[in-house]
Amino acid sequence: MGEETSKIMFRTERYVLTAIFLLSLMKDSGVRAENIIRVDAMVGYEDTALELAFKETMNKAQQSLLYGNKNLKIEDFFSRVNLEDSYEVSGEVCKVISFGSEVIFGTHSRSSSEYVTSLCNQLSIPNLQIHWDSREVVTSTKRPDRDHMTLNLYPDHHTLSAAQRDLIKFWDWKKFAVLYEDNDGLIRLQSILKLSFKGRVAITTRKINFLNPESVKNVLKDLKNTEHQRIIVDCHYDRVHDILKEAAETEALSEYFHYHFMTLDLGVTDISEFSEYGANITALRLVNPEHGAVKNLTEEWKQLQFNIRGNRSPLRKGQLQIPTETALMHDAVWVLTEAALALNEANPTALASYSRASCDKAAPWEFGADLLGYMKSVNVDGLSGTIQFGQYGQRENFELEVVKFSHEFKKVQKIGTWNSLSFLNITDDNESLSQLNKTLKVLTVLEMPYAGKKIDEYGNVKYEGFCIDILDYIAESMKFKYEIQEEPTYGNCDEKECTGMYQKLIDREADLAVAGITITSAREKFVDFTKPFWNLGITILFRKPKAKPVRLFSFLDPFHEDVWVYMIAIYLCVSFMFFVIARLTPYEWCNPYPCNQEEDIVENQFSVLNSMWLTIGSILQQGCELAPRTVSTRMVAGVWWFFTLIIISSYTANLAAFLTAGRMQSPIESAEDLSKQTDIKYGTLQTGSTYSFFQNSIFPIYQRMFTFMKNQNPPVFVKNSNEGEKRVLQGDYAYFAESTTVEYKVERNCDLTQIGNWLNSVGYGIALPKGSPYKDKISQRILYLQDKQVIKQLYSKWWTKMYINQTCDNEKKDPSNALSIQNLGGVFVVLVGGIGVSIVIAVFEFIYYAWTKRDIPDPICTQLKDELIFALRCWGSSSKPADHVIRASKSDLSRTGVSLPSLNHEYANAIRDIHA
């Protein structure tokens, strides 16, 4: 029995020695029994997760090759080293290369990375890295052969830093702090720190020591005291929870703070306990845990934590998702697998022989460059997205997700993306305040129409007003609740300090201040403002001038006194001239009995009274039976009627204007008018933007007015707008206020009016504490309400409809002035000119008539003189002898030898006798 056992052992030992001998022969000849590729991974002593991720993924890759009959096998080996010890790392690398390693995986420190990269370049062994590397990406202008055998699945630090910078620029941070735990952090922050070089961004940098929690707390306290509410933190993802915990203890984790972490693994650790604090917590990430493959693998690895053979899960206890480097180790294995398959299919003999590379001989692996080329060319959809490499081995065409901690769902959620082609794209950065279960504290001043208080029928206190309605619209759309805190006065800010509600905002005793708050540069130094929701300016509230008492003879007002005098004079003159011209022209003398052509008497219808009646009838626009017959008299009548047309039309129009305007005129028309007098006092609110406008104005006129206001006794400054209105109604007082306030008062009191134009142009806005997270969201809602005309409708509601007991006609009417002779002088000229022309025509008519009747022996001039003398006898008869009687009389006188002067005298007497 013992002998038989000895024989069996001998045969077994012989078979084993024979197998070892044959294998040694095959290795010495460089020939493998099958196509095999050897892979060695090296990580630090503490990187258990990377080791398990490597092994688990390698097992899946080998199973895939086995089930697919790919005629390829991957031999994987794993070793742990001290990554900070370059000697140990170099020894281990040479060791695995001497064993035939053809691909080296792993993470390396800065000190060891240079050596491993250089050695792999010399021996043509592909080097797959999965860690952040601070070195520059090698390009054609920087020794392209330096890292030609290295691929890094981790994005290069320049690209990552640029993505972080784009995010900070998108948020428009002008002042923030940077916290880092090691010198590598400064390299990762390089692009962000360069923002301060242009002088537009203030950056405070602090190095923190997580081994001393008290020092971290002190740093956060200092940042809070110096009003640094935006903080960038560069630390390992394991430290995120620690720093948020210290921030919470120092009360630096409220909604006014924003922490942006440089790590790509913000969601790996559980930070849900900080959801109640409300701070913004953001980062970038490379691995999307909601992706199908990532989610499935995460669940699978979580199940491995409860394996009966022990915890073999790459996920550590408490990790919610796969860390970036662990995911990259997984992706690197599949990149290698795809590349090895491609090489094996293209050249089946490439992996059929062992690598003869050696650190001692510096003999490169002949197929190493080919394998690396296939690694660069394959496209693998890994846990970190589609994996593509550039010409120089750098990761490219990858996408980073912008993530934010959701206070509602208590986890990190995607709000945007960044990639090297389209850069930053924020898709959803809004989280309603209801998700925070937050009730905002709102300050206001009870002053209508901006904000007021009323008691409803059930005894409940309710607030209403223009600003309250706007706040309700914003609260409804943003889904938050609010509570009102009343303030007695607005307060104000100067160059050093603030008072009133502004100081409460600075002290964070409230979240918003909603009232008729004007945006000024002095206030913006201490508090933030939203976009203005209404534009306005400073103007003057003044009492309307009282109408003059109605006078008995007010109907004379449309014309100046001079015009009335001229009209009376011209009326008398025209009447007389009409009388004279009518008597002078022979064609106005007519036979009273046309059937009897031998009638001895002719008559003239225009006596003095008849002439005056014709002219007065024309003025009063009444008819009369008298009608001129000749051109001369019609000329006088025509120009007179033209004169009366203009006069009556002007009188009627001006009288109507006098009756409507009431001849009320304000003693002031502008602020300049106020500054030039001292009888009417003027003032503003004792605090506020209007007071500051005059106090800080650079214009001499406003400086002079402010000095005048300050020196008045009793004071001209009032506590509120209602007191200002009362003083205006008392008389001799002008109140400077915002145009909105003035318009509201004028609409409700018909004794008030607005004087002049705006002195400036400003806007109403909602005030918030500095760095408030609600500023941009509320501004967006304000712009939306403006686009939809909602704010305009609310303004119309509260200014022109609500609480109006009487309707005032506030349309400005220009006072009507009496028309003077300068306004109507032209028509007088036309009238006088027409009378002159008519006189000339009358003379020519007489001459023509005398020329046609040559049987009268007297010269024409003598006849004209006699007729003119007769015409000028105002109370003379309107009848005279006919022409044939005069001719007969003159013939008889001529036969008796009477001289011509005597004849004329006799002619005159004969005419008188006939008239008698």
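Keep in mind that glycine also has a Cβ here, set from the backbone N, Cα and C atoms.
Those TrEMBL annotations? Automatic predictions, nothing curated.
Feature list (source: TrEMBL):
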DOMAIN    439-801  domain 'Ionotropic glutamate receptor C-terminal'
DOMAIN    449-507  domain 'Ionotropic glutamate receptor L-glutamate and glycine-binding'
BINDING   THR518, ARG523, SER689, THR690, GLU738  L-glutamate binding site
TRANSMEM  563-582  transmembrane segment
TRANSMEM  639-659  transmembrane segment
SITE      ILE668  site 'Crucial to convey clamshell closure to channel opening'
DISULFID  CYS750-CYS808  disulfide bond
TRANSMEM  824-851  transmembrane segment
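Known features from TrEMBL, placed on the structure.
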residue	record	Cβ neighbours (10 Å)
THR518	L-glutamate binding site	23
ARG523	L-glutamate binding site	23
ILE668	site 'Crucial to convey clamshell closure to channel opening'	19
SER689	L-glutamate binding site	22
THR690	L-glutamate binding site	22
GLU738	L-glutamate binding site	24
CYS750	disulfide bond	13
CYS808	disulfide bond	15
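Put simply, ILE668 is the one of the recorded positions ILE668, CYS750, CYS808 whose Cα lies nearest to the Cα of ARG523 (L-glutamate binding site). Across the fold, the C-alpha of THR518 (L-glutamate binding site) and the C-alpha of CYS750 (disulfide bond) stand 27 Å from each other. Per DSSP, the secondary structure of the domain 'Ionotropic glutamate receptor L-glutamate and glycine-binding' (449-507) breaks down as 19 helix, 18 strand, 22 coil. For the binding site of L-glutamate, formed by THR518, ARG523, SER689, THR690, GLU738 according to the record, the largest Cα to Cα distance is 17 Å, rounded to a whole number.
GLU738 (L-glutamate binding site) falls within a strand when secondary structure is assigned with DSSP. For SER689 (L-glutamate binding site), the spatially nearest entry among the recorded positions ILE668, CYS750, CYS808 is ILE668, judged by CA separation. Here the Cα atom of CYS750 (disulfide bond) is found 19 Å from that of GLU738 (L-glutamate binding site). Listed in sequence order, the residues ILE517, THR520, GLY688, SER692, PHE693, VAL762 complete the 8 Å Cβ shell around the L-glutamate site centroid, once THR518, ARG523, SER689, THR690, GLU738 themselves are left out. Mean predicted confidence for the domain 'Ionotropic glutamate receptor L-glutamate and glycine-binding' (449-507): the pLDDT average there is 89. Cα of THR690 (L-glutamate binding site) to Cα of ILE668 (site 'Crucial to convey clamshell closure to channel opening'): a span of 20 Å.
Taking CA atoms as the reference points, GLU738 (L-glutamate binding site) and CYS808 (disulfide bond) are 20 Å apart.
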